[in-house]
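Novice: Take this structure first; my questions come after.
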Amino acid sequence: MKLIVGLGNPGTEYAKTRHNIGFMVIDRLADESRVSTEKNQHKAQICQITIGSEKVILAKPQTYMNLSGQSVVALMNWYKLSPDELFVITDDMDLPPGVLRIRKNGSAGGQRGLKNIIELLGTQQFPRMRVGIGRPEHGAVDHVLGKISEAEAELINPAIQTAVEAVKVWVLEGTQAAMNKFNQKNKKKKEKEQPEAATDQLLENK
């Protein structure tokens, strides 16, 4: 069994905000399996799906972002799961909108939901996937709690579907396989964008 946790804030006022990308990925996974996260358990909305032959619990903690660890640790204890059977999905301001990054472990990197999970779980040795939302010049709080713009949606909506596919690869093939497949895609995307940006700069300098 695996536990896939998407981080976000509960309530309609936070729906479709940048900070709730984790919830959006969970909802897409549930929709594909024609189920919904209506069951409430250990301060989370959950449901169970099957990926391949693997049973998977999808969870959206309802504790608010900064207390996500309360729900995650309770669910892991209930289902008797180890940290390597946990996969956390969250937003990341340090990545451009729509870019994914999968890691085997690591620090919270300023993401408070991840920070709380690490503190309460007592380890940072669990895989996670970050979905980029970009960093504003100022007003970080307003940015993460703001609604996704139409321009951003053109990048983020496809990334949500890509994140769904990445989850499936993680469940079936493991973290390294997911990293190899999806982090490499992001690298190629960045490499493609960099020459274009350099060309634009040359034109501006003329």
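Cβ atoms here come from the backbone N, Cα and C positions, even for glycine.
Residues annotated as site 'Discriminates between blocked and unblocked aminoacyl-tRNA' in Swiss-Prot, with sequence analysis given as evidence: N9. For Y14, Y64, N66, the entry in Swiss-Prot reads tRNA binding site, with the evidence type sequence analysis. Annotation source Swiss-Prot lists active site, proton acceptor at H19. Taken from Swiss-Prot, the feature site 'Stabilizes the basic form of H active site to accept a proton' applies to D91. The region 'Disordered' annotation in Swiss-Prot covers 182-206.
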Novice: Return only the integer: C-alpha distance in Å from Y14 (tRNA binding site) to D91 (site 'Stabilizes the basic form of H active site to accept a proton').
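Specialist: Their Cα atoms are separated by 14 Å.
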Novice: Among the recorded positions listed here (N9, H19, D91), which has the Cα closest to the Cα of Y64 (tRNA binding site)?
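Specialist: In terms of Cα distance, Y64 (tRNA binding site) lies closest to N9.
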Novice: Can you name the residues of this chain that are 6 or more positions from N9 (site 'Discriminates between blocked and unblocked aminoacyl-tRNA') yet have a C-beta less than 8 Å from its C-beta?
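Specialist: Counting only residues 6 or more apart in sequence, the Cβ neighbours of N9 (site 'Discriminates between blocked and unblocked aminoacyl-tRNA') under 8 Å are T17, H19, N20, Y64, M65, L145.
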Novice: If you measure every Cα to Cα pair among Y14, Y64, N66, the residues listed for tRNA, what is the largest value in Å?
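Specialist: Max Cα-Cα spread across the tRNA binders: 14 Å.
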Novice: To test your reading of the tRNA site: which residues beyond Y14, Y64, N66, same chain only, put their Cβ within 8 Å of the Cβ centroid of those residues?
Specialist: G8, N9, P10, H19, T63, M65, L67
Novice: Enter the number of other CB atoms within 10 angstroms of the CB of D91 (site 'Stabilizes the basic form of H active site to accept a proton').
Specialist: 27
Novice: Taking just the CA atoms, what is the gap between N66 (tRNA binding site) and D91 (site 'Stabilizes the basic form of H active site to accept a proton') in Å?
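Specialist: That comes out at 13 Å between the alpha carbons.
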Novice: Which secondary structure state does DSSP assign to H19 (active site, proton acceptor), in the simple three-class scheme?
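Specialist: Going by the DSSP assignment, H19 (active site, proton acceptor) falls within a helical segment, counted as helix.
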